[in-house]
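Scroll down for the structure; my scribbles are underneath it.
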């Protein structure tokens with residue numbers, strides 16, 4: 001495995017990988033729905049990103065950090081014991097939890113921080129849900145000596161204490177957001193308010209494939225290294241492409257990262273797993289595609305959980321990283337054109353999968369990707385033994401042990 | 001001529017700028033905000049901006065966020081806001097009303113239906129905070145057909161070349177967001193405005209309203225002289241919030257806001 005290069009997008013004709021268009025749209029989704037104050041900044045960012053894409057030095061620099069700092073490539077692990085237990089398709093794990101900081105988040109953060117540096121920005125703001133993106137952002141700010149402010153919902157600050165402490169250690173200021181339900185949506189609002197008030201020196205480092213153009217495209221490009229590696233690794237291991245790729249979805253960056261390279265391989269089924277919370281029809285869910293409808297929030301048009309008057313509803317999930325009422329616009333488009341399938345997994349199912357993974361493979365997964373695994377546990381037994389599923393294990397679960405203990409009735 | 005054009009033309013003759021107070025619809029309840037809306041012209045409002053409550057007002061500061069939540073709790077919907085404007089028009093057919101809000105409730109209502117019904121209700125213009133020029137085609141044609149002005153926002157970050165792009169098809173008036181920030185936080189200085197306004201006037205003959213961060217009579221006076229109008233929002237809402245008892249209106253609520261409005265109007269007219 002020699003390929004650690006970052007696949008920055010280039011236009012492709014007749015390809016599902018050619019989006020977005022020059023208005024930042026994937027079909028009807030995406031766009032740039034922001035206040036005029038921010039619009040010139042988005043145009044400037046777009047220009048800076050195009051320049052970086054075209055600059056071989058940028059790619060070289062990014063590849064260097066991905067390899068020696070992030071620790072790429074991440075392995076593709078054949079989960080033999082889990083496969084045996086499920087008794088069907090072969091299950092592979094893409095081990096993104098082995099990256100530095102313990103999740104896929106650093107792939108994107110590393111790319112964007114290099115763009116921010118090229119733009120001469122000296123202060124970074126970011127939103128975070130589970131804290132994985134916040135930790136990754138605080139990490140690169142420590143590495144490059146940049147000021148860092150992380151907005152995190154007060155509810156999430158409470159349920160993700162280890163990550164809050166890590167961010168503090170890394171020198172970041174963590175601002176709890178009490179508006180709304182105090183989760184990722186509210187943190188996103190607050191980060192945008194900070195950005196609009198500090199446009200001169202501040203870079204808004206978005207953590208997922210959502211937000212105004214060019215963020216969904218840029219974050220996807222930086223994350224698509226995941227899929228590029230999987231393709232090469234599975235060819236080496238099996239001599240063919242997988243039948244199914246499964247990834248959990250909050251905003252959808254780990255899923256876009258593993259899907260993108262396979263969009264034109266139409267025989268590879270792509271499944272995004274949304275958090276169903278207490279159940280898709282419980283009213284306490286985070287399944288934006290399954291239970292939402294298209295609307296405009298946080299700079300893009302996408303599927304949103306909203307009431308019939310267009311007011312955004314609170315999402316619910318046991319996993320702070322999936323607790324968001326929207327989803328990246330490219331996923332909305334992939335859903336509508338039928339290229340990817342989106343399903344829901346409940347809190348309970350995710351907790352069960354979390355334990356199965358830990359017991360059979362000795363890998364403690366983040367609650368986010370436990371949702372993906374729960375779906376794998378549903379479909380693998382129905383598939384033939386020579387079929388292949390790849391699950392993106394996007395993060396490690398150390399941060400979640402308090403939440404899991406609480407739900408299992410264990411006092412730590 | 002539209003109500004907006006008529007009003008600005010009349011003020012030009014008077015030789016003064018306009019005062020544009022803001023209220024959030026249904027804050028703290030429908031009846032109180034309608035009572036306030038109806039009383040604003042007599043207290044010195046030349047135009048009125050009516051905020052449409054949205055769950056995620058990401059360009060607004062804490063004061064307007066709280067007002068939006070109170071409005072939503074009191075049952076505000078876009079339909080209810082139009083009802084309120086219709087009720088206002090029963091007694092006032094001259095004061096221009098401009099709705100200010102975010103795109104999703106309009107998108108949810110249906111852009112064509114909304115523009116048609118808003119114009120019918122007596123709305124004159126709309127400001128959609130998260131709809132920059134690049135996305136304005138969503139409403140432009142419908143608004144034009146209905147006779148509604150889409151009020152263009154420009155900011156300190158809007159470059160000279162971009163001003164041409166943003167104001168190419170502007171109508172009604174131009175809303176100058178005078179600070180890079182959220183509502184009700186910092187204020188632009190007179191010197192800032194003296195520098196910014198000529199840039200805008202270079203590309204448009206439309207009146208320019210100055211907003212974001214204007215709270216005192218003195219600031220309103222300055223903004224309405226350097227620009228053509230001063231928008232006061234958070235300061236009035238703060239006053240209103242101070243009169244509420246556990247989120248509910250009291251007998252002090254409407255008089256307190258009107259008294260402050262009269263003070264602002266006196267300064268603008270002095």
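Our numbering is plain: 1 for the first residue shown, then up by one each step along the chain.
Cβ coordinates are placed from backbone N, Cα and C, and glycine is handled just like the others.
Here residue B:49 (active site, proton acceptor) comes close to B:20, B:21, B:22, B:23, B:98, B:99, B:100, B:127, B:231, B:233: these same-chain residues lie at least six apart in sequence, with C-beta atoms under 8 angstroms from its C-beta. The active site, proton acceptor annotation in TrEMBL covers B:49 (among others).
Residues or ranges marked as active site, proton acceptor in TrEMBL: B:60 (among others). Residue B:60 (active site, proton acceptor) is surrounded by 28 other CB atoms, counting those within 10 A of its CB over all protein chains shown. In the three-state DSSP scheme, residue B:60 (active site, proton acceptor) is classed as coil.
In the three-state DSSP assignment, the secondary structure recorded for residue B:49 (active site, proton acceptor) is strand.
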